[in-house]
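Here's the structure, in structure tokens; my notes come after.
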Amino acid sequence: MEAHQFIKAPGVTTAIEQAALAAANSALANAVVVRPFLSRLQTEILINLMQPWQLVFRPEVLWNHPIQRVIHNELEQYCRARAGRCLEEGAHPRSINDDPNVLHRCFLKPVGRDVQRWYTAPTRGPAANCRRSALRGLPPVDRTYCFDGFSGCTFAAETGVALYSLHDLWPADVAEAMARHGMTRLYAALHLPPEVLLPPGTYHTTSYLLIHDGDRAVITYEGDSSAGYNHDVSILRAWIRTTKVTGDHPLVIERVRAVGCHFVLLLTAAPEPSPMPYVPYPRSTEVYVRSIFGPGGSPSLFPSACSTKSTFHAVPVHIWDRLMLFGATLDDQAFCCSRLMTYLRGISYKVTVGALVANEGWNASEDALTAVITAAYLTICHQRYLRTQAISKGMKRLELEHAQKFITRLYSWLFEKSGRDYIPGRQLQFYAQCRRWLSAGFHLDPRVLVFDEAAPCRCRSFLRKAATKFCCFMRWLGQDCTCFLQPIEGRVGEQGYDNEAFEGSDIDPAEEATVSIAGSYIVTGSQLQPLYQALGIPSDLAARASRLTATVEVSDADGRLTCKTTMGNKTFSTVFTDGTQLEANGPEQYVLSFDPAKQTMAAGPHSLSYTLTSAGLEVHVVSAGLDCKVVFQSGVAAPSAAGEVTAFCSALYRFNRCVQRHSLIGGLWYHPEGLVGLFPPFSPGHSWESANPFCGESTLYTRTWSVSGFSSCFSPLEPCVPSMPPPAEVNTPVVLDALPSEIMEPAQPPASEPAAPPSDSVDNSFSPTSSGAPIAPPAPALPVTHLSGPRRRLLHTYPDGSKVYAGSLFESECTWLVNASNPGHRPGGGLCHAFYQRFPESFDPAEFIMSDGFAAYTLTPRPIIHAVAPDYRVEHNPKRLEAAYRETCSRRGTAAYPLLGVGIYRVPVGLSFDAWERNHRPGDELYLTEPAIAWFEANRPTLPALTITEDTARTANLALELDAATEVGRACVGCRVEPGVIHYQFTAGVPGSGKSRSVQQGDVDVIVVPTRELRNSWRRRGFAAYTPHTAVRVTRGRRVVIDEAPSLPPHLLLLHMQRASSVHLLGDPNQIPAIDFEHAGLVPAIRPELVPTKWWHLTYRCPADVCELIRGAYPKIQTASRVLRSLFWEEPPVGQNLVFTQAAKAANPGAITVHEAQGATFTETTIIATADARGLIQSSRAHAIVALTRHTEKCVVVDAPGLLREVGISDAIVNNFFLSGGQIGQHRPSVIRRGTIDNNVDTLDAFPPSCQFSAYHQLAEELGHRPAPIAAVLPPCPELEQGLLYMPQELTTSDSVLTFELTDIVHCRMAAPSQRRAVLSTLVGRYGRRTKLYEAAHTDVRGSLNHFIPELGPINVTTCELYELVEAMVEKGQDGSAVLELDLCSRDVSRITFFQKDCNKFTTGETIAHGKVGQGISAWSKTFCALFGPWFRAIEKEILAALAPNVFYGDAYEDTVLAAAVAGAPGCKVFENDFSEFDSTQNNFSLGLECIIMEECGMPQWMIRLYHLVRSAWILQAPKESLRGFWKKHSGEPGTLLWNTVWNMAVIAHCYEFRDLKVAAFKGDDSVVLCSDYRQSRDAAVLIAGCGLKLKVDFRPIGLYAGVVVAPGLGTLPDVVRFAGRLSEKNWGPGPERAEQLRLAVCDFLRKLTNVAQVCVDVVSQVYGVSPGLVHNLIGMLQTIADGKAHFTETIKPVLDLTSSIIYRVE
């Protein structure tokens, strides 16, 4: 038997497979890319809708309406490609900049959600103009857009595009609008669901949900986050049915694209539209089955779903077809309703067999199932009836036909057949079905619908003219317009619902009536307390504001609001207009957006709306997500006290200045009428109308001139120096020198300061002369008496040491005296006359040594500064007043000031005082005269205020009630805490600083202490001391000192502070606070935040080693104790036992808890840590601090569970330190003091912000870089040349990386991310390379190194280095638990951990195909870091001390010093050396050199041998890999920077000889030498070849070093190109914290460019060989980023995997 016919033909099969493969490739090449993240159901829906298109899913974004938007984007692409240059109706704001082919865009004025879309529109490009016009109601700036709508615009265009923007325009109206534009073709995308053809109801389909209420249809697709489209049903029906428009503007409508029920309609103007019938839904997947029992009438009292039930139900076609086929073919005996229900239930279940779907199923509701069963049964019954009737009637007809005679047949043939349409079966005489009959059918199948309707054009010229006349007549009668015959425009443009970003817009075309709010309103601060809380106003300032009332007079005209706010004796004016820039106290700018029609205004995070109601003006303020609704009544308020208003204004000003000092971004500058006003917190156009023309206070509460820095701030009052009271009587004997010189009458008014007219202002000085009044007779001479001491009186002390005195500045011992001079520096009146009497030589211009502005400096006969204040009689000039004080700060030493200008020049005291406060130097003194003293006493900086709110008082009283019910607290019966403000002093200090000893018996009446032990201690000293409960009876009206105040129960602390006449708190904020023993939650709820007024840092109790351990909590602690080491472990207990829990106290008789020991001092203590104290110690480090600071000589630690080690108190740190030879002592700290850059030239202001994209594209063009299609490279793994590699079983890699980037052009060498294969490549490529050993003596290399580092002598390692080690660990969030005892048998002691670096290196070369492996960090164990770290730090300090002044090491220098050294080397060139594989080429020779230097410094031999051992053979432990290797340098060991720099110095000094070496700088493997010439030494080749060094030397006029550009004779300049290039590689996500960190880094970099920006452009462009315009553009780009206006792109890029194989070799 032959079987060849059953054998497949290979050629045919291959050809078919090739054709299929080619088709698949073609489909993928032309596939639609789906970018949003989709659920599984959404994916299935989209695949079904988009057939036969091929889809490629690349999820990278989240969309609110993903299904519609994918379809929309595809149809949009089709329309725009066909339309070309066109007019667009209703463009989405976000698409404006993306479509340059659009000639003109028609919009409507934004309302509803359209406003939100315009706010989120791009702010650059063409969209910016449209956005500005839309939001501000401005006319278009050009012809590219309009806000007249498609129907009202007349822009001529041949082709148009309307993407989901015609759903509320009838086809006839569109035809007229196209004719008005002269348009011949219009591509329109519309959403036309078939359900609109059905009666009202709710329709569930497989793709969407449609709710049809009879008038409108709302469609929501699967997975939409909000309601979708909302359209007029009648208009949608017209678009479905209409295929042409007839009349004056004929039109043909053709469906050219369809995706589901989304259509692209091509509207073409045609003179004679022909019939174009079409089937709109040939691929419909639903059949609509009628429900006999439809929805009922109106809803009843209780809501019901009946009214929303469908009269039709969407049934999948496969369900309905199978059900009808099954029912129609059943036997008559088997046909029944139950059998149909059983079959329907069976086919409704989804069945899958593996990946094959055997039955799709149907998830239907009960109503739908009932309707389907009913309709199917009745339909099948009707069909069976038809079948029976047709057969019966047919048989009868056959019998009748066959019984006819010949004559009858001839008659039928002659007369019936001719001229008639013959349809077989008509002669059966069957009945005809009516449309409304049940027999007409129960379902609607959209697949068979055919439409071809014509809509007449609505051109009714005659009717329109008649309507216009009628409208004008009605207007003449004063009635509303009734133009009911106008065509309905509906929603056009951005108000279209069917664009995926346009859902839910509500349109109200009617203009709202503008309501005038003019009138007078009463504003009280108590109404605005919730707003103050939202704004973050301090409680004391809010309390002041709550006591104030204001009257606000409002007038509105010309689209602006003018408010006149009267508060006490002050009147403030504000003007609200759109676009006004508000004052801010930071770099952030705020522009007021004001809409008088909508009665809204907003700026930054604040928004406000107002409405005039019958009760008054209702204002709704929303700030930072918190809202406040207030109703201001009409009328005039009772005036507030002038003193309270002044105090409020002063406190508000200080708050604004405090925010300006300490906040990075600042906020609004709050004016008085901004907090107690009608529209808080806005106060645009602030001005203060004062009745006193010379008060000058109108500038006190604004920041327009407050741009200078701050040298100090207010601090609590310190004790004044005891002195005599100021003279109060005229006949009191006084010293003539002590008189305020400004009240002395001048002999004649000087030309520079003419005499001022008299004024009643209290701020005016007391010059008694007047230009317009006769000179008063001189007062009788006062008797002169010389007192034995100075008569100045201390009024206030600032934290920086500056002081304010009452008296004469001639008593000062400051270096400089400041004279209130005139512009010509001639002898004048007032204080200037007093200076001339004492120091006449100081007015000689020839003796002036320098000038700063108007200020003149002289040293003859003593240091004096002649400062010039502005003349406020001529002009108020606050900026000049600021400059007058600022010009006196160009000096060394301290200065004594008067209040400049408050005499003859009539400068207000408060204004001059504030200017001095902002512009002085630490240690300066200010001397006030009597009128100024009165002002200062009224406005003196107060003590810290503790505000007790009503909630706090209520909670404290509850705690007092609970206390009163106990035996201990019975004294608290009837005691209450009232809301209010308490002023206090708080002396805080380190443990044992003598806080208690500083209290004298004459200064206090009652001492309140937390424990009995402290009470007994105070009583032994003779004080009346009480515990908190018993002290309730004695503290009222007394001077009270509260010891250990933070540990007192807060309700008792508040009670005593409120009852006392004065309260002085003692304590330590870092020690144990009050404990909530009852666990009622009341203690933490009312615990006050106490602000120390003094800090004492010298301890007389704690030994030196204790101070080092607790320095993290007390950075400035110092000790007077002579005990060096007091902490010991594993010794017998001594002295007082201290435990942490009551259980441990019971187990150790005689012990006391740490809480009880707080404040006590013992000679010897034993700390016993038990396991039950773990939670207490871990949650409260204060307990450990208290336990460690109770002894003076010795403390034994018994820590069996290791609890103290977990919080950083480790014996291993101390033991290892002393084991390595450490000593108690103090070296100089290693911190380099770095100053701030002054704005000398400030050329950076000449560089405006620029576009980041243009800057980076220009950088790419000049460097030759291109956009990288990948995120990282996994380079080929090199061969393992030495060592042993342990690999994981799974080498999983990530295929892609998600980043937020500034640009897609990366200018850095793209390395591997942190994943398995990258780690293996780095381990093998960096640490598995063969080491070239070099056996030679180190004498020659050490001798060459002497050129930079001479021979070092023995050094000592002190506790200073130990403290710096502990401080570094604390800053990194580490504790002492990782430092172990030095046991080399333990792997944890010597484990070296490997991490893969994730940062890349800037390069001007290839960024992808570089073929280099990544970089890693091999971190030594914390035990070795703690062992070697102090020694290496001490060696580093010794090297720094031995370096020549022109040799710079690492970062241990001030940047300006290196810049000055480079600037002082003109004529030199720059020698640069770049090491390749610096760490990998280090070997036994470099290690030996390190050990020689360690021996020179006196390091113990066992430590040197241990270091040599660890460096020569090691194991790197990665997360899942490990490598055993030899000799390589580790980047994470404690001496990495030190020994890398030393080896770099040694190689450079040994291999090269320099002529005229001026400057040398070394940092790690980076080095630069400034010299006139160089040559390679004769011994260089031996060292380079022996060690396998890879040096790349460059010698050029300008070089690069450590992120700066080195320009001899000019200095060092920031490397702008390198910094900008590295920014391109950074990931600015995923959270805003990372972006803010990088933005601050950009700000720091720009600060370095402040004075050298222009020079940097010229020099940096030369060193990189780029154009100066590029550097200029990069600086502008950095300013854009610093302003927070950078744009980030979220990208998901693949990882290029080039790894091949890893070869093992064991040695």
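Counting starts with 1 at the first residue shown.
Just so it is clear, glycine is given a Cβ too, placed from its N, Cα and C backbone atoms.
Secondary structure from DSSP puts GLU673 (Zn(2+) binding site) in a helix. Residues or ranges marked as Zn(2+) binding site by Swiss-Prot: HIS671, GLU673, HIS686.
Per Swiss-Prot, ATP binding site is recorded for GLY989, VAL990, PRO991, GLY992, SER993, GLY994, LYS995, SER996. Residue density at GLY989 (ATP binding site): 22 other Cβ atoms are found within 10 A of its Cβ, drawing on all protein chains shown.
According to Swiss-Prot, the compositional bias 'Polar residues' annotation covers 761-772.
Per Swiss-Prot, the feature region 'X-domain' maps to 799-956.
Swiss-Prot lists 974-1218 with the feature region 'NTPase/helicase'.
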Request  = Provide, as an integer number of angstrom, the distance between the C-alpha atoms of SER993 (ATP binding site) and GLU673 (Zn(2+) binding site).
outcome  = 47
Inquiry  = Let's check the environment of GLY992 (ATP binding site): how many other CB atoms sit within 10 Å of its CB?
reply    = 22
Query = Nearest to HIS671 (Zn(2+) binding site) by Cα distance: which of the binding-site residues GLY989, PRO991, GLY994, LYS995, SER996 is it?
reply = GLY989
Task = Report, in whole Å, the straight Cα-to-Cα distance of GLU673 (Zn(2+) binding site) from GLY989 (ATP binding site).
result = 42
Request  = Show which residues of the chain containing GLY994 (ATP binding site), separated from it by at least 6 in sequence, have their CB under 8 Å from its CB.
outcome  = TRP1096, TYR1100
Remark   = Students should find that the Cα atoms of SER996 (ATP binding site) and GLU673 (Zn(2+) binding site) sit apart, in Å rounded to an integer, by 47
Remark   = Smallest Cα-Cα separation from GLU673 (Zn(2+) binding site) among the binding-site residues PRO991, GLY992, LYS995 is shown by LYS995
Note = Given the binding-site residues SER993, SER996, the candidate whose Cβ has the fewest other Cβ atoms within 10 Å is SER996
Message = Quick check: with GLY989, VAL990, PRO991, GLY992, SER993, GLY994, LYS995, SER996 left out, which same-chain residues have Cβ atoms within 8 Å of the centroid of the ATP site Cβ atoms?
response = ASP1068, TRP1096, THR1099, TYR1100, ARG1101
Remark   = Rounded Cα distance in angstrom between GLY992 (ATP binding site) and HIS686 (Zn(2+) binding site) is 53
Ask   = How long is the line from the C-alpha of LYS995 (ATP binding site) to the C-alpha of HIS686 (Zn(2+) binding site), rounded to the nearest angstrom?
value = 48
Ask   = Just the number: how many Å between the Cα atoms of PRO991 (ATP binding site) and HIS686 (Zn(2+) binding site)?
value = 51
Ask   = For GLU673 (Zn(2+) binding site), what is the tally of other C-beta atoms lying within 10 angstroms of its C-beta?
value = 29
Task = Tell me the Cβ contacts of VAL990 (ATP binding site) under 8 Å, same chain only and six or more apart in sequence, or just say none.
result = ASP1068, TRP1096, HIS1097, LEU1098, THR1099, CYS1102, TYR1114, ILE1117
